[in-house]
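Comments concern the structure below.
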Amino acid sequence: MNQSSDLYIGIMSGTSLDGIDTALVDLSETSPRLVASHYQPYAEPLKEALLALHQVSHNELHQAQLISNRLAREYADATLVLLSKAGVTASQVQAIGCHGQTVRHRPEHGYTIQLNNAALLAELTGIHVVSDFRSRDIAARGQGAPLVPAFHDKVLRHPGIHRVIVNIGGIANLTDLPPGSATTGFDSGPGNLLMDAWITRHQGKAYDKNGTWATSGKVIPDLLHRLLAEPYFALPPPKSTGRDLFSLAWLQIYLNGTEAHEDVQATLLALTGESIAAAVRRYCGETDEIYLCGGGAHNEALVAYLQRAMPRYRIQKTEALGIAADWMEAIAFAWLAQQTMHLKPGNLPSVTGARHPCVLGAIYPA
Ligand SMILES: Nc1ncnc2c1ncn2[C@@H]1O[C@H](COP(=O)(O)OP(=O)(O)OP(=O)(O)O)[C@@H](O)[C@H]1O
Ligand SMILES: CC(=O)N[C@H]1[C@@H]2OC[C@@H](O2)[C@@H](O)[C@@H]1O[C@H](C)C(=O)O
């Protein structure tokens, strides 16, 4: 690593609850350079414990703290693997930006909870840790999410081309980058999380690879119509959502129990695709280019659905813009950590609705 590099680590564990994405990023130039990356899946018991914490349950404060400790140890392990892959030592890294694991997101009640023991992570790695990025934006009356659009604004904006970036994680969110106007962005609704939950329940698989199971079924038009009537979809931005709303319990309300399982999966894929396409049509106006990132960008059937729903645009992955679709969020959290360490704002009020730009997160020195 040369003398002038400015190394940060981003750690993202998102709403899919699949595992931990880590990225070692050199932020010394205008464009971030991904030095190394590492994905560490969650073992099934940890995923189950996290899912359980999404429900109001007995003794949840104690459970939350124990799981935070467990997560910090997982994040530290992933960091050590990442550093050894890159041949970089902890002392060469300026800071880790660690998102934590969202278990409640209630901006309307003035709080959001991302589990993590950042003190333990700093202790275990010997690297400064920036964590709890969303709370300050919520304190300034913002949604606290999505935060990645600020990073898109910084690195993917084009002066003459109207770009829209769609992240398809557990929840899907989009960033609108119109030349000459402010960047906006919001959560459009479910990304992969309903499809993941349904295939896990009925086939024991973590996700529907390439949407193959969904493709074997038929969309149920009446069910799709009723799901799309969920009031969240019609809310104007700024808005954000999560597992608090979109869950199997939410889906169950609309099912009568006679539907073929593969037809429900087809309908859930259509719900994800249609809610994204409708959000682009309604809020982004005339766009020029659409780019996808997040794990859902690999779901061929979903990408084909989006392409059919928005035939005028060529839909590509963000690789075409020089940022790997799988590492976008982790790279963004490395950048957010750099912003915080330099005491610069990380949020965009035009996205989250916060009253002002804020320096995000809390710093846990090494
Ligand atoms: N080949 C594939 N076919 C279908 N789905 C896929 C494929 N590869 C990944 N996925 C989906 O992507 C998900 C993981 O995506 P990602 O890592 O972006 O989620 P995340 O980090 O939880 O995101 P967010 O924080 O945005 O919610 C998996 O759970 C799965 O649903
Ligand atoms: C509260 C929370 O964890 N929100 C996540 C989630 O996953 C996707 C979408 O919902 C987005 O709002 C956000 O994550 C990304 C990293 C963001 O803040 O941009």
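Keep in mind that glycine also has a Cβ here, set from the backbone N, Cα and C atoms.
Curation plays no part in TrEMBL annotations; they are all automatic predictions.
What TrEMBL annotates here:
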- G14, T15, S16, L17, D18, G19, I20, D21: ATP binding site (BINDING)
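Apart from the site residues G14, T15, S16, L17, D18, G19, I20, D21, the chain places the Cβ of M12, S13, Y42, G169, G170 no farther than 8 Å from the centroid of the site's Cβ atoms, the recorded ATP location.
The binding-site residues under consideration are D18, D21. Their Cβ neighbour counts within 10 Å are lowest for D18. The binding-site residues near ligand 2, defined by a Cβ under 6 Å from one of its atoms, are G14, T15, chosen from G14, T15, D18, G19, I20, D21. Per-site Cβ counts within 10 Å over the binding-site residues G14, G19 peak at G14. Around the Cβ of T15 (ATP binding site), the number of neighbouring Cβ atoms within 10 Å comes to 23. According to DSSP, D21 (ATP binding site) sits within a strand segment. Cβ contacts within 10 Å of L17 (ATP binding site), excluding its own Cβ and spanning all protein chains shown: 22. In this structure, the binding-site residues S16, I20 were compared by how many other Cβ atoms lie within 10 Å of their Cβ, and the smallest count belongs to S16. Residues T15, S16, D18, taken from the binding-site residues T15, S16, L17, D18, G19, are distinguished by a CB atom under 6 angstroms from ligand 1.
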